[in-house]
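Some features that TrEMBL has for this protein:
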TRANSMEM  90-111  transmembrane segment
TRANSMEM  140-159  transmembrane segment
TRANSMEM  168-186  transmembrane segment
TRANSMEM  192-215  transmembrane segment
TRANSMEM  227-252  transmembrane segment
DOMAIN    259-330  domain 'DUF1736'
TRANSMEM  347-371  transmembrane segment
COMPBIAS  835-850  compositional bias 'Low complexity'
COMPBIAS  854-868  compositional bias 'Basic and acidic residues'
COMPBIAS  894-912  compositional bias 'Basic and acidic residues'
Amino acid sequence: MAVVSWKEILLLTGLVVGCFWNSLSCGFVFDDVSAILDNKDLRPSTPLRNLFLNDFWGTPMSEERSHKSYRPLTVLTFRMNYLFSELNAASYHLLNLVLHAVVCVLFLRVCRLFLDKTSSLVAALLFAVHPIHTEAVTGVVGRAELLSSIFLLAAFLAYTKSTGVDRSIVWAPIALTVVLVAAATLCKEQGITVVGICCIHEVFVAQGFTLPSLLETLRQVLQGKGWFPYAVLQTLMKLIVLTISTLLLVIIRVQVIQSQLPVFTRFDNPAAVSPTPTRQMTFNYLLPVNAWLLLNPSELCCDWTMGTIPLVESLLDLRNMTTLLFYTCLALLAHHSLCYRHGSAKTVVMALSLIVLPFIPASNLFFPVGFVVAERVLYVPSMGFCVLFAHGFKIISQKGQLKRISWLILGVLLTTHAVKTFNRNWDWESEYTLFTSALKVNKNNAKLWNNVGHALEGQNNYGEALQYFLQATRVQPDDIGAHMNVGRTYKNLNRSKEAEEAYLVAKSLMPQVIPGKKYATRVAPNHLNVYINLANLIRANESRLEEADQLYRQAISMRPDFKQAYISRGELLLKMNKLTEARDAYLHALELDRSNADLWYNLAIVNIEMKDPSEALKNFNHALELNSRHKLALFNSALLMQESGEPKFWPEANRRFLAYVEEEPDDANGYFNLGMLAMDANENPAAERWMRKAISLQAGFRSALFNLALLYSQSKRETEALPVLDELLRHHPQHIKGLILKGDILMNHKKETSGAKACFQRILDIDPTNVQGKHNLCVVYFEERDLLRAERCLEETLAMAPHEEYVRRHLSIVRGKIAAMNAAGQPLTSTEGASLAAAEAKAARAQEQAESQEEGRGADAGGQDRDKKNVRKSSAESGGVGVDPSESLGSSPSDKRTKGKSNKEIKDIEEKRAAALKRLEEIERILSGD
């Protein structure tokens, strides 16, 4: 038996690289999104044991919506990719390419068992370049096929060494075979079929039985005319061991899926829910369809569901002839391989076993699967096809007159297949290119129209996306998902009326509840999101909140484990200020999924609204225990700690803000809050640095600009504060606090009364009732020695604020000065005016320092305050027709948190105001005694 040479390994590897190198430029498309981008099992923060509890897509096997595809070893390789390169698609594609090269080498090694050196190489070369493999190699999720094939071939090779030179049993290879079969099955379910391949090899190849001789031996034993030969008994012993091992694997697999088959709808596999004989005729017709794809892979499509292949509903359908022809050819090959002893028969029987047995789990003949045709499941069956082709090539090339022609045909075939594979890879570059290429092959599949729409939607091209979604509804009028997509797109186009109409159409297509029958088994879980989307749409109208709540409750009644319904209802109840019910909704959701960090975060937001900060902080911490990089939990928990006024929390708050800006380095709000935290701790250099960073990221950041100016003012760096205030007022010319602070600096430090006067007049233009601005303008008049105007100004101020005692005293002082001037006949000196101006400026500054707490911590009219990050994040279901993120994740008015001042802050403010008033009293005594 010839081994594989290094030259052959290099040839196969070079051919694989040449055909598939352009796959490295492809992204994550189609099923990759669910298996890679949306699968939390890839993240290092997820415990490794979850890989053995969840399905291929990260859904717990215990949940009814699980696809029951149990492939933990494949997911483990995805996790390794993520560990080294996170979501860099090129590394995932590179590993797939390497695995395909390994499969090609192993396949060549297997072919050497029943083909000559040249024929086996021909089979391996054809397998390396066959276009049908594009989905398995270029599609990242196809790694399940690649890994399963590696272990499948390795298990077969191990089993072939289980017979010693003296025909005795060698148990070590058999034990290794069992381990490799288990590994293949943990990569993909079809791996277990290698046991059947081993059995066929043992009986018809290793032992040399033909079907007639085997039946004759059995007949003689049953009639008592003889017994099994010793070699046959050894074979039976090996097969019994393999069979028992297989049964144990099957039992474990059934236990893993909890004896439940996955739930599929007629949109996934129309024939699966069709009556007899339509179901049987259609499923049998799919066999020649798959065979034709191997023979002529010219028109490949990533999705063959829905209306791609019409149902075979009549015995008179001509497609039944194709089915009959297929079975005839298969029967002839089976007869040739099972009834004769020559070498050709052994080759054909192994080829047929490689074609038929691995395809059985995906054939729909024994149990339904979630697709009609899937090109990637032909990866292993194509091995048998390539063996048949190579064997036929050997027979033809041995005939002298056909030798040259056969080699020419082989060269053309390998070249065209390689070119087709290379070009097909480009289709997988993006979802748009993939689904538009599929539409060139099949225009009767509504799912393809939907998916092109999704791709355009991802590019914010809603107008064009809408046309594809509408076409999907025309191709498949009863497609609930298509109508949901239409509704969501209308909403994105701000056409709420049309959106509601589309959602209502989708809702009307939902199956009616049948007493005694589970609703969830008759509808795709994502289709229930129509209730969520419709409720999210109508709840924008304050008068329809109760109607929206009714829709959420209807969804929950249909599926009590519908987690998203509880989440969305919790948001609505919070908006309706039904805090206790909102909390209960989130607690119900947590009963279904306690490992969901978003749910703990949402519950914390409810706790804040219920004025329970300690419980809120506890739930924020729960969220961070599950996901230490949960951005909103990091931000809002840090904010909560800072607002507590407890210095003991400040270091942890600082750590969380730092973690947040590491996750969101371009979000100015994170740096701003770090600056505010530093200001609270009197760390002015750090505060200045963080404020500057926030401003550099977001020009015109209102709160950051004001607080930076205030920081400079408090640090006796008034000249540095002025440019910052100028920038603030350039972006926000009506910022009253900024105008007051600028006027204070100009009047008290720069002695520019004209500039200060312009600031205070601007305040009154914005808000004529602003007492502080009006009073400061009066001080400017006093500074300008216009005592009569100052008197009138103070009288007007007193009328605006009759209870402000300091205004009354100042008016009294000004009137006294006027009287004194009239009596003495002397002009008033500027020193006295400056004294009052300085005193009032100090009072204004103290007031500003107090009120700056609200500017820094409260709601900013410009939308740049820290409240902006306090939104509730919902865990919307992923998928083509899932909850619209803009509907489930959007912020409502109740999303905003009102910030209260701590006792310490209030005490500081009162102390500053008291100091300012004390200074005013000193100045008044000086002026009064002058």
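Glycine is treated like the rest: Cβ placed from N, Cα and C.
Taking Cβ pairs closer than 8 Å, the transmembrane segment (140-159) reaches residues 28, 30-32, 35-36, 56, 71, 73-74, 77-78, 89, 92-93, 95-96, 99-100, 102-103, 106-107, 109-110, 173-174, 176-177, 180-181, 183-185, 187-188, 190-191, 193-194, 197-198, 201-202, 242, 358, 376-377, 379-380, 383 in its own chain, all 6 or more past its ends. If you look at the transmembrane segment (347-371) against the transmembrane segment (192-215), you find at least three C-beta pairs under 8 angstroms, all six or more positions apart, and that counts as contact. Just going by CB pairs under 8 A, the stretch in 90-111, 168-186, 227-252 that sits most against the transmembrane segment (192-215) is 227-252. The average per-residue pLDDT of the prediction over the domain 'DUF1736' (259-330) is 87, rounded to a whole number.
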